[in-house]
Amino acid sequence: MKTVSILMLRAALQLATFWGTNGKLMSKAPCRPGFSQSFYSVLISRDVLQGRSILQDSTVSSPKVSFDDCMANEGVVFQSSDPRFSIGADGSIYAQREVTSLTAPVQFTVTASGPHVWETTVKLALMGQPTPSSPGNQVTEEEGKGGERKEEEEVKAPPEFQAPPTVIMFPRQQEISSKGLRRQKRDWVIPPVNVPENSRGPFPQMLVSIRSDQDRNISIRYSITGVGADQPPNEVFSIDPVAGKMFVTKPLDRERRSSYHLRAHAVNMNGERVESPIDLYIYVIDMNDNRPEFKNQVYNGSVDEGSKPGTFVMHLAAFDHDDNTTANGMVRYRILSQTPHSPIPNMFTINSETGDIVTVAAGLDREKVSQYSIIVQATDMEGNLNFGLSNTATAIISVTDINDNPPELTSRTFSGEVPENRINVAVANLTVIDRDQPRSPNWNAVYRIISGDPIGHFTIITDPHTNDGMVTVVKPVDFEQNRAFMLTVVVNNQAPLASGIQSSLQSTSGVTISVVDINEPPFFPTNPKSIRFEEGVPAGTSLTTFSASDPDRFMQQSIRYSKLADPAEWLSINTTNGQIVTTATLDRESIYVKNNIYEATFLAVDNGSPMASGTGTLQIYLIDVNDNAPSLLPRESQICERINRNAGINITAADSDTDPNVGPFVFELPTFPASIRRNWTVSRLNGDYARLSLRIQYLKPGVYEVPVIVSDSGNPPLSNRSIIKVKVCPCDENGDCTLVGAVAAAGLGTGAIIAILICIIILLSMVLVFVVWMKRREKERQTKQLLIDPEDDVRDNILKYDEEGGGEEDQDYDLSQLQQPDSLEHIISKPLGVRRVDERPIIPESQYPIRPAVPHPGDIGDFINEGLRAADNDPTAPPYDSLLVFDYEGSGSTAGSVSSLNSSSTGDQDYDYLNDWGPRFKKLADMYGGGEDD
């Protein structure tokens, strides 16, 4: 039990010593997954390890590592890098097998595997192992025996948490005594080196001095390796290779890296290892150099109006990059201000540790205050305003609406009126007041008619914008049945009322709807009306009376009738009483009769104001009588010239009547002429079909008209004598008519066919002769002289027409300006005005083509084109390219100078097209053309 007490006390002292300079442990800090420490140094009693495992002594509490993944550690598995030790689910360290002695400290890595992987380092050492306290100190075995006597003193000041030693000695190797006994010096427990972050120097700053006790005999060179020395980030730590002094060269930042693991080496001048490397753990001590930071500057939350005190509203969280296991990273929250202060200034409070905002008072009413703005301050150092760093954020709390205000109708009674027989018409408007949030289920009104409308003539539609109820007619009302309606209406919200809220007495109201009488159209009680008559009813027969009724019982009105639609013009109607009389014979076989029914439409009009009309349809079902004789089908056919047992023509009959005035039909041949029955015979196949065939063995090919008498089964029956044209022709072995036979049967002999062919040949010869004659005539026309008088030939002459003047203002013009002058004297002596000096070029004149004496009509076009081409190339032809002289008009002209006109072209213009305009534009082409070389 003494060992247990010492171990527990030692663990408590370890925590107290480690956190003593960094602040107190917060009672409930924000959860951050991982190990509570990155390095654990644990002292184990010698009695626990010697001769038995830790698990064999149930009275001894095993050391633990503290881990939390912020999810109750579900699914987290601990593993040890040393197979001699295992980690329990609660972080306890156990020995896997007996450990008889622990002559040197044991260091291994503990890994926690879950959604992520975390690591920490554990170092186990025996209690009472000495730690050097001054440079050059050596602990002897005799001094080690007094460890148990000094155990209580060691508990008070555990070596691994004392200030880092000035000198760290390399552990000694095994030695052999003079008596041959092997003795081993126990390793020191080298505590980690703590270095505060953000140190101001000066740099390099000495941390520890490392030396070997062999430096008395040989020269030793010291070095360090690891992250921060020879691995990135490089040169954070350095060591004097001769003196063994280790330095830090720059300020450290715990938020970037919280610890360093280095190894110290000692070698001789030849580079041979003198001592085994030792592990150095450097921990960066956190400083309060980071403010708490909110993820957002503005947070939005909501709470229902009428909520009770203690209702959760929202959560705010600030993150501090400092160590949250120290006061530097322990954040506390408080509310700085609340806007507005209604109904009290402190409607909300915040949990200083968790950041949860809750209500502290009742009285939240959205209809009074719909939104609160709260300034929240987060301060580290456990909320110490004198030493901690702070930051603020804004919490916007919206008070959400609940249905705590029932809708209230603005009046106890409403009224309206509706014309009869009208639907989808709003007849009354119900207004309501609701103080809840507009256009929400708590505000939307739902109207119901609870009495006064048993048949359902009315419904109430809610206007989504104004929340008014529009009483609408959905079924037509009749003034003659109901002159007014007394409705009782109740209004509720789309959402039910909140708990404890009662409906208002003003949620019910009465609505009076008056029905306005209007002139309704007459109607036919039976529409359509059906009657049955036999076809063939003569004109003037009274069929029925088709009368209408006036629904306006309180109006004394008369009705007049007229015919609206009568396709066959068979009927007429009496304008006063609606009696239907035929004007023609009714025929069931008419095209206007569909399925034995003839339809006519009639109009009934009253004398109201305004007049109203109604229509009615009369359907006459016509009963068939046998008034149509059957006709033979087909009208044409063909048959082989020789009798064949299977040869024959199937014939039938068509009858416009219906049963029983149609088949079965009777087919027979007439007795006259006698050749019909001698050459042909008819045999019955069934009630509707018979077969016409040859009676004799051979009948000369040709076309024969065979009369057949067809009778129907009517009462009395009707008969019809029909003619069928039968072509008798030679047949092949299959019984089909041959082509020659078909022609012969048509009545054309060999001579007729030859005559037709000769006619075709003659016609083709005439066409050929006509074509040859036309070509010859065309050739003669080309060589024939023109017979047209030149005076009458208009193809190459100028026709002169009378001139038409332009009025009095168009009579003063000088034609001499258009003529070429012989000299310049008369021009100089002319009064002031336009002067034109045209000079004819002194060059040989061009040669124009000469028209032939006897031109061909086709040559006229060529002649004109050649003359036009010669005129275009003749520089002596007017107008000449001469200088035009104009009189000086004097100064002060209202017209602007032509030189002031600027070209709208933004680039150089290509004038090469002037070369294509002929010799008249040659000079312009030479002046402006020429391309880029010019």
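Cβ coordinates are placed from backbone N, Cα and C, and glycine is handled just like the others.
Just so you know, TrEMBL annotations never went through curation; they're auto-generated.
Per TrEMBL, signal peptide is recorded for 1-23.
Residues annotated as region 'Disordered' in TrEMBL: 127-158.
What TrEMBL lists as compositional bias 'Polar residues' is 130-139.
Residues annotated as compositional bias 'Basic and acidic residues' in TrEMBL: 142-157.
Sequence annotations record features per position, and here TrEMBL assigns domain 'Cadherin' to 187-294 (among others).
The annotation domain 'Cadherin' is assigned in TrEMBL to 295-409 (among others).
According to TrEMBL, the domain 'Cadherin' annotation covers 410-524 (among others). The average pLDDT computed for the domain 'Cadherin' (410-524) is 89.
Per TrEMBL, the feature domain 'Cadherin' maps to 525-632 (among others).
What TrEMBL records for 631-738 (among others) is domain 'Cadherin'.
The annotation transmembrane segment is assigned in TrEMBL to 739-772.
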Problem set entry | Secondary structure tally of the domain 'Cadherin' (631-738) (DSSP, helix then strand then coil) | 6 helix, 53 strand, 49 coil
Seminar exercise, completed: Helix, strand and coil residue totals from DSSP for the domain 'Cadherin' (410-524) stand at 3 helix, 51 strand, 61 coil
Problem set entry | Helix, strand and coil counts within the domain 'Cadherin' (295-409) (DSSP) | 6 helix, 50 strand, 59 coil
Seminar exercise, completed: the domain 'Cadherin' (187-294) resolves under DSSP into 4 helix, 50 strand, 54 coil
